[in-house]
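Copied over from Swiss-Prot:
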- 18, 19, 20, 21, 22, 23: ATP binding site (BINDING)
């Protein structure tokens, strides 16, 4: 599947690709279109005041390779010459990067746009399937990622290429359905009166859900962090934490199923980010898939749609690297999202 591409859409190598999340930042360098990526240690965004400082000290100072092009995936909308990141204090200023760091070309995409590019670029062993049939080769796909926030994107196949469809799906309304839900939801923290997907299906959402369960049960919470809640839920040492994971899996299944119906995603639903990998055993226990398929009158359709957990930490970099190597494989608009050195 190849689309016609002009020189304006290609990238000059070496190319630095970066996945900038709310907590972690990952980078690698492609020396040319055929080379294996040169990887660097994962960075904590809180350890650096700016993204420029992080790139200079953790990347450029550690290699003799000077990238000519940069492709970044960031958690947040790409709008204007100063790009604020969601859940992180960094601000991406492409013009300043070109002036100060020696780059010729900087492109900034949405982080889940990169995840969408990855789902048709990863190897099979980088994913674990939870139910459904094998995916249809050129069918629409959906990526859903609970992590620091909740990312959502689609991936649609045209006649010539894959088209990522990023959005802000993590901020849709999510509501109660069962009697137990109605006991818990009054205690879930709201944003201007709304319970959004991100208020439950994220790291902080996991804690919100746990606190809601404790409030519904009229007990004092004893676990403080999402990590503590996850650990206690997985080993069964805390009943409320165990229910938190079960309901998290259920609510994630409901939302994933809704998105699968919206996109008619016979190419599959892909779960990315650190949380699905960490709670993989809970996702495979049954509640997730049951909620995913419970979409009458379309249960038969839902039974066939595969769900895959992306287990590879560098998935977004894989997607960005695929775009850098073969941009003709994808239709990605860079208008207003690409900056070049003036000559």
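Any Cβ shown, glycine's included, is placed from N, Cα and C.
Summarising the environment of residue 19 (ATP binding site), the number of other Cβ atoms within 10 Å of its Cβ, over all protein chains shown, is 28. Same-chain residues that are not part of 18, 19, 20, 21, 22, 23 yet have a Cβ within 8 Å of the Cβ center of the ATP site turn out to be 24, 25, 26, 45, 73, 74, 75, 85, 88, 111. The 10 Å shell around the Cβ of residue 22 (ATP binding site) contains 22 further Cβ atoms across the protein chains shown.
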